[in-house]
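What TrEMBL says about this protein:
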ACT_SITE  A:GLU107  active site
BINDING   A:ASP10, A:ASP106  Mg(2+) binding site
DOMAIN    A:6-189  domain 'UmuC'
SITE      A:TYR15  site 'Substrate discrimination'
Amino acid sequence: MENRIIFLIDMQSFYANLEKLAHPLLTDKPVVVAGDPSIRSGVILAACPTAKSYGIQTAEPIWQAQNKCPHVHILKPHMQFYVNVSVTISSFLEQYSAAVEPYSIDEVFLELPAMEQGKAEQLAQHIKQRLLREIGVQARIGIGTTKVYAKMACDHFAKESRTGTAVLNDANAAELLWPLPIGRLFSVGNRMETHLLNMGIRTIGQLARHPLYDLKKRWGINGELLWQTARGYDTSPVSPSTHQKRKSIGHHMTLPRDYYHWSEIKVVLRELSEEVSRRSRQHTSLGQVVSIGAVGQEYGFKRSFHRQQRLFEPTNSGRVIFETASALFKEYWDGTPIRSLGISLSSLQPAHYKQLSLFDTDEDLDSLYHTIDQLKDKYGMDAVLHASSLSPAGQAMIRAKKIGGHYK
Amino acid sequence: MHFTIQRDAFVHSVQHVNKAVSSRTTIPILTGIKIEATNYGVTLTGSDSDISIETFIPASDGEKEYVTIKEEGSIVLQARFFAEIVKKLPGEEIEVAVQDQFATTLRSGSVVFNLNGLDPEEYPRLPQLDEDNHFQMPQNLLKDMVRQTVFAVSTQETRPVLTGVNLEGEESELICTATDSHRLAMRKASVETKTGAMSLSNVVIPGKSLNELNKVLEDSTELVDIIVTESQVLFKFENLLFFSRLLDGKYPVTKNMIPDHAKTELVLRTKELLSSLERALLLSREAKNNVINLKTMNNSEIEVSSVSAEVGKVTEKISCDTMEGEELRISFNGKNIMDALKVIDSETIKIRFTGAMSPFTVQPTDHDQMLHLFSPVRTY
C-alpha cells in the first residue's frame, strides 16, 4: 500500500475550455459558460482563466460577472458534448492503466503500478502534455499514495503550482496539508466544518492529531473516516466499476423559483417519480427503498431534509414511488418554501423476474408503462406527460431538452 | 417462601414458561421467571409482554405428591440462570427457600445455589380475560392448523398485520388464514363452542406466538379452551395458560382472492412433485430467486425446469393422474410451493391454474378443509 501511485487528473475550466475548442475565435477572449439567464440556473457554470483574471467566479450570477467584465462572452452549455469528451479522456487514460475511475465529469482517478516519485512526476507531466496536444484540454494532476491524497494534492496544490502537478504523501503531509484550515479537508462540508470548529479543531493537522476514540464516540464510523482522511488513509481501490454498478437511481431538480404550495410541489414530485421509474425500467431494475430529499430556504436559512422508506415489495412503478415519496414529504415538510427536490430508488435488484402480488394485479400498469417508454424513446421525453406537468409548476417540458439541468 | 418440589415436574414447567421469556425485553423484571407458592401448589410465570405463559404444579393430583409447601410466598429469579440450573440439578427433589432481600437458595442433593432474586411485587399481573368469546378444540387439531398455516406469514415488518395468522369463525367453523402477499395458506375446521354460536373476525395472532404455542401443544385429543378478547387470546390447558397479544390492524379480505374457476387442472402425487421441486431448486437457489418453470405437455405430463445463468439448467418430466383444460406455461417461486406441499398430508394434490399471470390453487384431493394459493412470477 505504501507504494501506490494514484493520479487525480482534473480538467481545468473544463466547460469553458471545451467551448473555446469549439469556437477557436474566442481562444484569447474571456469566456464563461452559463445556464439560461431567464431562470435561476442563470449562474456561471465555468469561467475560462482569462475570465477569471477579471475576478469572475464559478457559481456567481451572470449579471455580476457582466459587471466585472462587460465584454465577457456568455455561452450556453452543451452537456452532451462535455460528456462525450469526458468519456474520450477516460478511454485515453486507459492506455496507462486499466484502473481508471471517472470521479466527476471533469475529474478522473488513475492508479499506476508502483514507481519512484520522480518517475511519477515525469509521467504526470507527460500525460498533461498529451491531453493538451491530443484532446486540447488543460489538466492538473494531483499525485498521492491514496485517493484522498491525490484529490487534495490536486485541489490544494496542483492548481497553484507552476507545473500543474503536486505530490502529497505521508512524508510531506505534515508540512503541506496539516497547516490548512479544516474546511479544506476533503469530505468536510459546511456543517461538518462548523461542528469541528466548535470542537476547537481549526486545521487538518489538529484533526489528524485528535484522539480517534473521541471522534468515534461522536460520529461513529464517519468520525473514524474523517480522521483517516485527515491522515491520508484510504484503502479504497481505483475501480472502473464504481460508476457502472449502480446502487441507486435518482433524480434531483432545482426549481426555477421557490415553491410554496403542496399543489405545486406535488407536480414536481410526480415528474421526478416518473423519471426515476422510467430509468429503473431502462436498467431492468426494481428498487425497494424510496428516498426523498428537499432543500428549502426561508429568511436566508437553509433547511433541508432527507428521508427514506422501505417498501413491502420491490417496484419500478412511478405511481408507487410517487405515493411513497409524497407521503414522506408531507410527513416531514415543515412548510418552508422549497427550492430543490430529489427522489431516488435504491436497494436495487434485477427485474428479470417479478413475483406478482396476490393483492393487487399491476399487470395493466406494466403494459401501460411499456407503451409510454416506447413513445418517449421514439418521440422524446415530452411525448407523453401527466396533464399536471402542463400546469405552471411543471418542469418536464423544459427538462426534456436538457441533460443534468443544462441544455444538450 | 419455602417449598420442596419434584425435580422432573418442576423442570418441565420451567421450560414451558421460559419459552415466553426474552432476554431483549425493555422491562427488566421480565427477564425473570416468577415463582409463587400457595398451599394449592406452585405457579410459574414467564412473559415478554407479547406472549405470557403461566404453569401450575398442584401440591398433589390424587395419585402423586408433587410439592410440599412449608411457607407461602413468591419470588422472581433470572430466567437465564434459573432455567439452566434446575435442568442440571442432581437430586430427585429441589428445595426452594427465600430469605431476606429476595436472596434465594436452591438445594438439591448436596448442591446449593444462592441466587439474588427480584421483587415479585414488580412483576406485572397477567390480564384477566372476559370469557364471552370461547370455544374448544382438540390439541392435535389446533397443532395441525397452526403447522399448516403459520409458515406462510410474512416476515416483513412493513405490513405488520401480515406477520400473523387470521382467525375467522362462523357458526361452528373456524378458518385460519396466513399470507405474505405472494402465497396464502388457509385451513378450516369445525370446533365446539360453549355458547352455541361462535363469532370471530379479524383475530390476528402473531406468527411468532403460534410458533411458541406449537411447542407447548401435544399430539393428543385433549381439549384446549380458546378465549378471545379485543386485544388478547388465551389458550387454556389443564395446568398451563398461554396468553398472546393480538395484532392491530385490518387483515385483508382474502375470500374473494380465491378463484372459483380453472383453465387448467392437474392431479398429481404430492411426493413426486415435492422431490422434483427439491431437485429443480438446487439450481434456482443459486440464482437466489427460487424461480421454477412449469409447462404442460401432451399425454398428461408436465415439465418442471429451472435455469441458473451461472450454473446450468435442469428439466424433469412428471406424469399426472389427470390433466384437463388449456395448455400452460407458468413460473413461480418453487420454495413457496414446497413449503405448502410439506404440510399437505394427502397423497395426491389438485392444482388449478387460471392463466400464466394469475393466481393458482393447490389443494389435497381427499378433503376440502385446506387450500393454498400462489401468485406466479413474471419472467422477461
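Any Cβ shown, glycine's included, is placed from N, Cα and C.
A:GLU107 (active site) counts 20 other C-beta atoms within 10 Å of its own C-beta, drawing on all protein chains shown.
In this view, the densest Cβ surroundings among the recorded positions A:ASP10, A:TYR15, A:ASP106 belong to A:TYR15, judged by other Cβ atoms lying within 10 Å. In this structure, the CA atom of A:ASP10 (Mg(2+) binding site) is 5 Å away from the CA atom of A:GLU107 (active site). Under the DSSP three-state reduction, A:ASP106 (Mg(2+) binding site) is assigned to coil, being neither helix nor strand.
The residue listed as 'active site' sits 12 Å from A:TYR15 (site 'Substrate discrimination'), taking the C-alpha atoms as the reference points. A:TYR15 (site 'Substrate discrimination') falls within a helical segment according to DSSP. According to its DSSP assignment, A:ASP10 (Mg(2+) binding site) is in a strand. If you take the Cα of A:ASP106 (Mg(2+) binding site) and the Cα of A:TYR15 (site 'Substrate discrimination'), they are about 9 angstrom apart, rounded to a whole number.
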